[in-house]
Amino acid sequence: VNVRVVTMDAELEFAIQPNTTGKQLFDQVVKTIGLREIWFFGLQYTDSKGYITWLKLNKKVMVQDVTKGSPLQFKFRAKFFPEDVTEELIQEVTQRLFFLQVKEAILTDDVYCPPETSVLLASYAVQAKHGDHTKESSSPEFLTNHKLLPERVIDQHNLTREQWVERIVNWYAEHKGMLKEDAMLEYLKIAQDLEMYGVNYFDIKNKKGTQLYLGVDALGLNVYEHQDKLTPKIGFPWSEIRNISFNDKKFTIKPIDKKAPDFIFFAPRLRVNKRILALCMGNHELYMRRRKPDTIEVQQMKAQAREDKQAKMMERQQVNREKAKREEAERQAEELREKLAKKEAQEVATREAIEKKNEETKELEEKARQAETRGKRQSVRRERQRRRPSSTDSR
């Protein structure tokens with residue numbers, strides 16, 4: 001059976017057997033992309049009723065309700081989110097996959113982001129994709145062809161796309177010298193503070209039949225009014241939940257405080273409650289894991305990541321040194337060219353001045369000769385007049 005798995009930056013093709021399990025397929029994917037922080041991720045598919053569902057790893061792929069087709073279609077996505085991206089996302093590949101997924105969620109408005117924050121995030125996204133600010137990478141024509149902001153932000157404010165790009169470029173220029181992977185991490189550090197970041201929302205009803213949302217995230221469960229996904233009305237941190245369970249469409253949250261009443265809600269169908277419970281269990285497991293010392297595997301990954309980063313920094317420093325040397329050599333060459341050009345200009349000016357002086361001298365000499373010639377002629381005329389006998393004398 002042919003299978004296509006789409007990650008955030010690649011499409012992978014596999015052939016699986018009828019008895020291949022979800023875990024075997026998942027392991028093939030993570031091995032292919034070189035991912036070791038597998039606990040955040042899962043394989044998504046659209047079921048026969050059109051709902052987005054996570055592939056169960058402990059069951060055979062073919063017995064699950066995957067929409068039939070050739071190839072079978074799956075998306076490789078983050079299923080669980082870290083509490084702190086700086087501390088928990090170790091590998092570059094993990095950071096990149098989270099960055100691309102969160103960026104897509106923000107640009108499609110699945111995660112609400114205020115306008116000014118959207119501009120700042122866009123500047124980090126440009127740095128992450130193109131590196132340092134250059135004349136080409138910051139030109140309005142170049143950036144206008146990229147999707148940088150949610151359409152809502154552009155539509156709600158009286159600014160042209162070019163004006164938005166100008167704002168983004170102003171921030172982008174500030175990131176000069178930042179590594180692409182560091183720009184991705186900076187993006188995620190800002191994004192993780194957005195209210196809808198990392199939250200899975202489910203339509204539910206309370207006992208009165210009021211439409212609500214249940215949000216499941218890294219820190220616990222939250223209940224929202226149907227018109228507001230940003231501000232939870234009730235919160236249940238994992239540390240305050242004793243038990244969660246469901247019976248058909250009915251879902252019950254039991255607080256640790258036995259005096260506190262149970263919170264009961266109803267999902268539209270049984271399979272929704274199954275998804276909610278699976279997400280709760282996965283998030284709670286990671287929540288507990290974070291509060292224990294790192295495993296040997298995680299310690300090794302962190303050590304390797306530090307070494308890789310150090311090597312990259314040294315490589316970057318070497319590149320910067322070479323670049324600085326080249327720029328200095330170019331500056332000196334330009335300086336020398338300017339000096340030579342100045343010297344040549346001075347020589348030309350000197351030659352022109354000498355030629356002008358020579359011409360002036362020739363003119364003066366010519367005038368002097370002409371004056372001398374005129375003087376001689378006048379002297380000759382006077383001499384002739386003096387020698388000529390007057391008419392009185394001749395008589």
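Here the Cβ of each residue, glycine as well, is placed from N, Cα and C on the backbone.
According to TrEMBL, the protein has these features:
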type: DOMAIN; residues: 1-291; note: domain 'FERM'
type: REGION; residues: 301-395; note: region 'Disordered'
type: COMPBIAS; residues: 304-375; note: compositional bias 'Basic and acidic residues'
type: COMPBIAS; residues: 376-389; note: compositional bias 'Basic residues'
Sequence-remote partners of the compositional bias 'Basic residues' (376-389) [C-beta within less than 8 Å, at least six residues beyond its ends]: none
Taken over the domain 'FERM' (1-291), the model's mean pLDDT: 94
Summary of DSSP states over the compositional bias 'Basic and acidic residues' (304-375), given as helix, strand and coil counts: 72 helix, 0 strand, 0 coil
